[in-house]
Structure formats: C-alpha cells, structure tokens
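Asks: Here it is, the structure, as structure tokens.
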Amino acid sequence: MTLIALGINHNTASLDVREKVAFSSTQIESALRAAIAGAGLSEVAILSTCNRTELYAYGSSQANSLIQWLAEYKQVNVAELEQSHYLYTASEAASHMMKVASGLDSLVLGEPQILGQMKSAYAVAREAGVLGGHLHDVFQRVFSVAKRVRSETAIGENPVSVAYAAVSLAQQIFSDLKQDTALLIGAGETIELVARHLAEQGIKKLIVANRTLGNARSLAEQFGAEAILLADIPEHLHRADIVISSTASQLPLLGKGAVEQALKRRRHKPMFMVDIAVPRDIEAQVGDLADVYLYTVDDLKEVIDENMRSRQQAAKIAEEIIVEGLLHYEREQRALTSVDTIKALRQTMDALREQELEKSRKALEAGADPAQVLEQLARSLTNKFLHTPSTQLKQAGADGEQDMLRTVRTLFSLPSANESKSEKE
C-alpha cells in the first residue's frame, strides 16, 4: 500500500485530451466511489481544473490498472492516456502534491486558485467517505506547506493568472478598453478575477451571463455590470467586443451559427474571444470566422510566460520550503512504521501480565501470604518479560550482532559495556 499521484496536465496533454478526462463538480463524487470499487484503491481524491486532472490515492493499485480505469470511466482511448500521463508514488507523490498546491506546477507560476481547488478536492473526498487517515495526513501536510509558501515568499504577488492573461491579451487586441463592451460567461472565481481586471482597466461595459440569474446578479453588482441568463446570450452577443467564458458546462454554449449572426448585426466589427473552460464553452469552428479572434487556455501560455518572470526567484525559495515540508512528511511516515510494532509489543506484554495476575488471584484465594504472592508476581513478570529478549540477545552476542546489543542499550537507557566494566572495577 502506498501513496499514488496520477494525472495529466497542460505540460503533458493537449486541450483535446484534457477535456476528455475532465470532471465537473457534479461528477466527482460518483467517480470517487467508482475508483474505489474498480481501481483497487482504499482512499482517493480527484482534482480537476482547466489545466489538469489528477487522482491522489492510497492503495496497492498499479499504474496500468489506474490508467485503464480512468480510460474506461471517461470512455477515452487508453493509448492517449498512456502517452500523456505522469505517475508518482510515496514521497515523490507527496512532493508533487506540495508543488501543485503551492502553484509551482501551474500554467501560471504561483497562481493562488489552485490551493482552493485542492482544498475542495479534499473536502469532496471526505464528504464522499473515501478519504481515510493516510490521505488526510498527506493533505494536511500539503496545505501547511502551501500556506508557508504563500506567507513566506512573493510567489503570489503581481496579478499573474489565466484571468489576467486573458485581459492582457484583450489589451493587445484593443489598445483602449474604455470604449469596449465585455461579455463574461460564468460566475465562478476565474470570471470574477476577469471582471476585476477588466474593471481596473476601465472597461466601458460589462455583461455577466450565467445559468441562474441570481448568481449572475451577485457578480454583476460588484462591478456595476448587467446580468443576463445563458439562454439570453444570442440576443446580446452582438453587443460584445470581448467574450470571455469559463463555465463547467459539458457541452459548448456558443456555436459558429450564433456567432455568425452576431457578426452580421455588428456589421462584421471584430470580436475577441477567450475560452478558458475545459471542456470548451465555444466551438472550435468559431475560430474559423474571419472577424473572430478566438483563444483557448493553451493559447494564453505565451502571454503568461511574459508575466511570470518576477516569480522565478520566489519559486526557488518555495522549492526549499517544499523540501523541508517533505522531510517532515517522510519523518512522520517513518514514525508510523513503528506503530504496529509498539502495538504488538503492548499486546504481548498485556497477555503475559494477565496470565501472571490470574495465577496470583488464585494463590490469594487459596490463602497464600499476600506479601509472598506480590514478590512472586513481580519475579514472574520480570522473568516472563525478559525471557525472550534475553534469549535473542545471547544469540546476537554469539553471532557478533553488536548493532542489536547497542540498540537494546539505547532502548532501555542502559550503560555502555565500557561503563559497566568501569563501575565493577
């Protein structure tokens, strides 16, 4: 049984592959139970974002069986996963989780959202009843390390994120956003960040579209924006110079036909679109239209690279914190290996004690002198407790196993052999 981290991310897999194995928030709980039943795991958690899908597990499962389970569950070609996955076990898995939670493995170095997403993965697994003591301990150490990275380094400073990159790209297309209208589809954390960055750049008009009007209004009110339903997008799409979408929809929300109609009403004035969602919210064919500039999360990488240089030095410090955290984790894991031995020792000693106590009770019931019974009990306990260790130590001495002899002296705080000789002299 060991800790396992299996996944794909923006470095190992294309957007096409990532969206095939992405899990929506409503799918994760049932997937967790299916993984326990079908992949030979005793504990499991799933992290699924626009840039990665990862399984954190504790069990005896092999890489091939885990990949096979994921391929079958998501109904994808197993060869695609075999070519694009990564797998870590034991300490390497813990180290990877620490890097992910700290933002060191993100598309945007140091991006803060990933820690909240990992905490959500932990909470969902715990609620589903598939998170045991092993994964719980790992996650707590991971969260502790990530918190230190945030508080002790500047890795979270400077507004660099997918949301910021999307707005930066919009500024490159439209030099002055004060004359433009932006349609934001979704109402989650990423869209909220997009709205904040656009507002800071003085965007003329913001429209927020969501499946529920209440959620759209909740976000819109923060920025003086207009709120609409997803179903109303076709009526308002022509107003938007900028469209940025990030929802959890499993199907595209904007198709080529709807965008063509909007362009006609705009008299083919160009539209800038960024699809941050995985799976995609905007059909890929929309990018074929002459007056549309469509970008996906993969296209944002160049923009992000330009804005992350200031975090490189902080990342080096973060790596040192992670190494320190990993050492603590490994020490804790080594300590756990002694638990079974200590438990077995106590059980053995308890059994011997009960045997001798029973003999003493019977002697007292037969009228024996209590003082003699106590003396016999103490002598018997000493002999019983030390009989097997003494036999083993004699054999160790005969075999020249000095390490065992030194270990026993350390365990019982006995004087060294030289000290014992000095005392006799």
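Using the three backbone atoms N, Cα and C, a Cβ is placed for every residue, glycine included.
The structure displayed is predicted, hence computed values, not measured ones.
Features from Swiss-Prot:
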- Cys50: active site, nucleophile (ACT_SITE)
- Thr49, Cys50, Asn51, Arg52, Ser106, Glu111, Pro112, Gln113, Gln117: substrate binding site (BINDING)
- Gly186, Ala187, Gly188, Glu189, Thr190, Ile191: NADP(+) binding site (BINDING)
- His96: site 'Important for activity' (SITE)
Asks: Can you tell which of the binding-site residues (Ser106, Gln117) has the fewest other C-beta atoms within 10 angstroms of its C-beta?
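Replies: Among the binding-site residues Ser106, Gln117, the lowest count of other Cβ atoms within 10 Å belongs to Gln117.
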Asks: Hey, for the NADP(+) site built from Gly186, Ala187, Gly188, Glu189, Thr190, Ile191, who else sits with CB inside 8 A of the CB center?
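Replies: What remains near the Cβ centre is Leu184, Glu192, Leu193, Val194, Leu219, Ser246, Thr247.
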Asks: Near the Cβ of Asn51 (substrate binding site), how many other Cβ atoms are there if near means within 10 Å?
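Replies: A 10 Å sphere around the Cβ of Asn51 (substrate binding site) contains 24 other Cβ atoms.
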Asks: Would you pick out, from the binding-site residues Pro112, Gly186, Gly188, the residue whose Cβ has the largest number of other Cβ atoms within 10 Å?
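Replies: The residue with the most neighbouring Cβ atoms within 10 Å is Gly186.
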Asks: Of the recorded positions His96, Gly186, Ala187, Ile191, which one sits closest to Pro112 (substrate binding site) when you measure Cα to Cα?
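Replies: In terms of Cα distance, Pro112 (substrate binding site) lies closest to Ile191.
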Asks: How big is the Cα-to-Cα gap, in Å, between the residue listed as 'active site, nucleophile' and Ser106 (substrate binding site)?
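Replies: Computed Cα spacing between the residue listed as 'active site, nucleophile' and Ser106 (substrate binding site) is 11 Å.
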Asks: Taking the Cα atoms as reference points, how far is Glu189 (NADP(+) binding site) from Gln117 (substrate binding site) in Å?
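Replies: Distance (Cα to Cα, whole Å): 10 Å.
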